[in-house]
Amino acid sequence: MQLNLRAEVKNLVFSYGDKKVLNGITLPIYENRVTALIGPSGCGKTTLLRCFNRMHDLYANAQYQGEILLYPNQSNILGKDIDPMEVRMRIGMVFQKPNPFPKSIYDNVAYGLTVRGVKKKSFIEEQVEKSLQQASLWNEVKDRLHSSATALSGGQQQRLCIARALATEPEILLLDEPTSALDPISTRHIEELIQELRKDVTIAIVTHSLHQAARVSDFTAFMYLGDLIEFGASDQIFTNPKDQRTENYITGRFG
């Protein structure tokens, strides 16, 4: 099966002031595939994920070197002439803890569209329904769209956050430990959802759960101390890693 690039990290160095966090990362992200970033706490995986949609720009001492190219036009989204807000519309993100806005379910999903200046009500309504359908939440909330989002269960709130990210039709969806605050049943729903979403959107996920990475991902990148140690097909990484450090991590010898 042919693999097409959706994004490519090239020689990415990232620092907070004088502290270097990423040491020249080069990594492909393939279209309509799930790429898992794994590694012990502090290895740089969440830092790398947040580079994709310029979240670090919110901090004054953040410094990027290198490129993140978005295909097919190979534009460098780290370029100084690129608007970070536009990047965040094209590359959505869902965080570790569900963070619905203190608004209605409808307004949460419509938020990105209204920020973008979309005014056509019928289009917004269509996108809200479509995104909630994609997030497997529509049937549970269709009769209470104008109820508060904070009244939803934790698992429903996380699916709402996924719907909110999907509403602007991002090219890539970033998931930062999306199930770590959820119960096992909600976790299973999110994992099943990831498998469905990959048909429509490219996904990169940070997870501390090696079992989850093996279950949901097509490719896995193992990071350690700011370096990318090994990248490959997930079945190869988890059954026949090439680097001893990868094997030590996935067999529980450290981390």
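Every residue gets a Cβ built from N, Cα and C, even glycine.
As the structure is a computational prediction, the values presented were derived from the model and not from experiment.
The following features are taken from Swiss-Prot:
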DOMAIN    7-250  domain 'ABC transporter'
BINDING   GLY39, PRO40, SER41, GLY42, CYS43, GLY44, LYS45, THR46  ATP binding site
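Shown on the structure are the features that Swiss-Prot records.
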{"residue": "GLY39", "record": "ATP binding site", "Cβ within 10 Å": "25"}
{"residue": "PRO40", "record": "ATP binding site", "Cβ within 10 Å": "14"}
{"residue": "SER41", "record": "ATP binding site", "Cβ within 10 Å": "8"}
{"residue": "GLY42", "record": "ATP binding site", "Cβ within 10 Å": "13"}
{"residue": "CYS43", "record": "ATP binding site", "Cβ within 10 Å": "23"}
{"residue": "GLY44", "record": "ATP binding site", "Cβ within 10 Å": "22"}
{"residue": "LYS45", "record": "ATP binding site", "Cβ within 10 Å": "28"}
{"residue": "THR46", "record": "ATP binding site", "Cβ within 10 Å": "21"}
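According to DSSP, THR46 (ATP binding site) is assigned to a helical segment. Taken residue by residue with DSSP, SER41 (ATP binding site) is part of neither helix nor strand, so it is coil.
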